[in-house]
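Accompanying notes for the structure given below.
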Amino acid sequence: MAIRLTHSVIPVSLKVGAPARVLARSSLPFSVGDWRGVSTFSGARPLVSAKVKLRAESTEEDRVPIEDSSIDDDDSTDQLVDEEIVHFEERDFSGTARVPVYVMLPLGVIDMNSEVVEPEELLDQLRTLKSVNVDGVMVDCWWGIVEAHTPQVYNWSGYKKLFQMIRELGLKIQVVMSFHECGGNVGDDVHIQIPEWVREVGQSNPDIYFTDRAGRRNTECLTWGIDKQRVLRGRTALEVYFDYMRSFRVEFDEFFEDKIIPEIEVGLGPCGELRYPSYPAQFGWKYPGIGEFQCYDKYLMKSLKEAAEVRGHSFWGRGPDNTETYNSTPHGTGFFRDGGDYDSYYGRFFLNWYSRVLIDHGDRVLAMANLAFEGTCIAAKLSGIHWWYKTASHAAELTAGFYNSSNRDGYGPIAAMFKKHDAALNFTCVELRTLDQHEDFPEALADPEGLVWQVLNAAWDASIPVASENALPCYDREGYNKILENAKPLTDPDGRHLSCFTYLRLNPTLMESQNFKEFERFVKRMHGEAVPDLGLAPGTQETNPE
């Protein structure tokens, strides 16, 4: 009798009711590390086979079908065996480049009173992270907490206590200048609004916020149209951002001098990412909707009209009127469908302007950041809009501000802007697999692997450092292997790799025993260290050969 796995189940768990010889093999139709159709296992360590004992008993859901078949073998089929041969394909990363690993702290680690939340529990978790050689942590410094009530009155007290805790453990700190609202997005478990005094300005002048075609205001962050407008109690948005960053640099000077803070990530939009808030859940967006353009505040509309007049077609000074709604599909719109208006003379003019506003905003804020943090590395985050990537228009990317249709490279110009400021690019979704997206949402025509390949190469071609983080919680070996393959591409002829990786995020689930063992294993491999269980399925243990 033989047992054949017809589905890949990790961790492997079998309950054998009778003497048997077990043949366990992966049913995946691809290598775990396949990337853009090229097997990243080519030339890597060969398939690892190991004798293992399977630890856990299965549930009814875990049990695999058993097929009776006659197999001639040198060994007697009625011989009792308690060992199974499990084949699990993994690339050996020992001896590869060391990629530092950071862990994001909880969003609400500092409360609205600028106090550390549950410091003793946090300290225990930080010690645990340090015990597995995590390089450091990432901390959001929320504008809405620090400058909450009065312009240019900053309260850094909670962050000072937190940073001191981290420094005493020998961990480094990636700091995020978070100029956006927390709450309402995937993974947000706390609500931190932008400063109260800014919201008061917004009550009398709601055009300080991004606005959609229906006139709905998104209060998550400020429109880029006021970067140079003195509408924030006598200051421009750029001046507000600079003053905040400069205050932080002065207050935490000792941490910079001691190299505890090696990098500052500058928030450039919603979720701290350089993009328009084109897919807000608060307005009913659901994946994989194409989103909507966010340029209808009076400041951006004035900019659009001026650009149209310069172009000599003043009637182009309007937004498209055939893009439908947040949850539409590309082929259901006149603008984004194949052969649609996105590729017309007007469409190309509008998308050029819309994407240029995004790049110009990043250019201005990163220039301010370099002034505030002179001598310290700066970085900014780019979101991974991977749905509708396999269509001609790339509609979801277009509404987010990335002019990356099939006949145009939207990420090269952004990488060039980063290069101008010697800024690192932090990119998301490196753990996502295209096949999984196709199985779960085939209608989305998503390709996260293709997007990662394009963005990483655009950044590397511009000679800027590329960091990354996972877009969604990740606890399994398959996800970690995907991150590793993207972090250290085997087929890259120049041996390029990520400058660092930040794990999203510290939480009780990560600290669970088996999950944390997997995480520790992942950290070792990111650091280029050997792991003793390479090629063994999770939940198994190696036995001594007879």
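In case you wondered, yes, glycine gets a Cβ from its N, Cα and C as well.
Listed in TrEMBL for this protein:
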BINDING   ASP140, HIS180, ASP188, LYS381, HIS386, THR428, ASN470, ALA471, ARG505  substrate binding site
ACT_SITE  GLU273  active site, proton donor
ACT_SITE  GLU469  active site, proton acceptor
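Considering only the binding-site residues ASP140, HIS386, ARG505, the residue whose Cα is spatially closest to the Cα of the residue listed as 'active site, proton acceptor' is ARG505. Considering only the binding-site residues HIS386, ARG505, the Cβ with the fewest other Cβ atoms within 10 Å is that of ARG505. When Cβ atoms from all protein chains are considered, those within 10 Å of GLU273 (active site, proton donor) total 22, not counting its own.
Sequence-distant neighbours of ASP140 (substrate binding site): residues of the same chain at least 6 apart with a C-beta under 8 Å from its C-beta are LEU105, LEU107, VAL176, SER178, CYS182, GLY272. Between the CA atoms of ARG505 (substrate binding site) and the residue listed as 'active site, proton donor' there is a gap of 17 Å, rounded to the nearest whole number. Residue density at GLU469 (active site, proton acceptor): 23 other Cβ atoms are found within 10 A of its Cβ, drawing on all protein chains shown. For HIS386 (substrate binding site) paired with the residue listed as 'active site, proton donor', the C-alpha to C-alpha distance reads 15 Å. In the shown protein chains, 21 other C-beta atoms lie within 10 A of the C-beta of ASN470 (substrate binding site). Between ASN470 (substrate binding site) and the residue listed as 'active site, proton donor', the C-alpha separation comes to 14 Å.
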